[in-house]
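> Structure below; questions to follow.
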Amino acid sequence: MNIVIALIPAVMWGIMPLVVSKIGGKPRQQIIGTTLGALLFAIGVFLFTNPEYTTTILIASFVSGAFWSLGQMNQFRAFTQVGVSKTMPLSTGMQLVGTSLFGVFAFHEWGTTSKLVIGFSALALIIFGIFLTSYQQHKDENSGQNMKKGLITLVISSVGYVGYVVITQWFNISGWDAILPQAVGMVVAGLLFSIKSSEKRFTKQTWLNMIPGVMWATGNLALLFSNKLVGIATGFSLSQMGVVISTIGGILFLGEKKTKKELVLVIIGVILVIIGGTMIGIAKS
């Protein structure tokens, strides 16, 4: 049962990109919808928990949530540039590299020689996996430009995601205490990011995208439980498995085209990212 709970984040986070892509809408509509869904879920959790708030917790969690919106909106943009099946392994790999390096240099994780060897070997595998998943067999001017745009977008996205994780870690804030102020920060940032857009903020797609927002929040809550049930290392490693669902789902359910060679390299790349993520989980333990 514990492992089932620990797999919920992977399932929720793996399916979420597929649901968002099926619902459609522009990235700004998608980010508003998902953040509103996350806020609705956070309010529900707040009613059944007893969080302890200080000024630091409220401000840091709010800023952390704003960084999440930066990361998520740019991930949505990348879906339109390179597709879900390329975006998710690239995004997951970049996040793992970013959070791990920050953990080593800022928080002095991997404190032994063996953990450093495991950790940096994991990063090498992840980086190689990222390289494989970004491979394009038949390049034309348009696809090459989209890939460049997608990579730049995902670097910005990863900065957002790393900031989201690192800020609460820096201030040693419990995930339970952070849930509601983070969600408020997500919504406010999502609305601010859409100010200059000429597109309507609130459409049918905006409201429907509350569903993947609730899915993301469910995965986040399940991760808090799984960290207690199976440990942070195992919970973290299992949560990375969502990249398999989203990558395969992008190809099978969203109809994203791959040549045989690209498909093989994407599968190998995803496996390397998962192995690297698991090794990082071991190094964290």
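Here the Cβ of each residue, glycine as well, is placed from N, Cα and C on the backbone.
As listed in TrEMBL for this protein:
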- 6-24: transmembrane segment (TRANSMEM)
- 31-48: transmembrane segment (TRANSMEM)
- 54-71: transmembrane segment (TRANSMEM)
- 92-110: transmembrane segment (TRANSMEM)
- 116-135: transmembrane segment (TRANSMEM)
- 151-172: transmembrane segment (TRANSMEM)
- 178-195: transmembrane segment (TRANSMEM)
- 207-226: transmembrane segment (TRANSMEM)
- 232-254: transmembrane segment (TRANSMEM)
- 263-283: transmembrane segment (TRANSMEM)
> Considering only Cβ pairs within less than 8 angstroms, which of the stretches 6-24, 178-195, 207-226, 232-254, 263-283 has the most against the transmembrane segment (116-135)?
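Answer, by Cβ pair count: 263-283.
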> With pairs 6 or more apart in sequence, are the transmembrane segment (151-172) and the transmembrane segment (31-48) linked by at least 3 Cβ pairs under 8 Å?
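As far as Cβ distances go (cut-off 8 Å, pairs 6 or more apart), the transmembrane segment (151-172) and the transmembrane segment (31-48) do not touch.
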> Below 8 Å between Cβ atoms, which of the listed ranges 6-24, 54-71, 92-110, 178-195, 232-254 makes the most pairs with the transmembrane segment (31-48)?
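Top-ranked stretch among 6-24, 54-71, 92-110, 178-195, 232-254: 178-195.
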> Can you name the far-off residues of the same chain, 6+ from the ends of the transmembrane segment (263-283), with a Cβ under 8 Å from a Cβ of it?
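Contacts of the transmembrane segment (263-283) (Cβ under 8 Å, skipping residues fewer than 6 from its ends): 85-86, 89, 92-93, 96, 100, 109-110, 115-116, 118-119, 121-126, 128-133, 135, 232-234, 236-237, 240-241, 243-244, 247, 251.
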> Report, as numbers and ranges, which residues of the same chain sit near the transmembrane segment (178-195): CB under 8 Å and 6 or more residues beyond its ends.
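For the transmembrane segment (178-195), the nonlocal Cβ contacts are 28-29, 31-32, 34-36, 38-39, 41-43, 45-46, 49, 51, 53, 57-58, 61-70, 72-73, 168, 201, 217, 220-221.
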> In terms of Cβ proximity under 8 Å, which residues at least six beyond the ends of the transmembrane segment (6-24) contact it?
30, 33-34, 75-76, 79, 84, 87-88, 205, 208-209, 211-212, 215-216, 218-220, 222-223, 226, 229-230, 234-235, 238-246, 249-250, 253-254
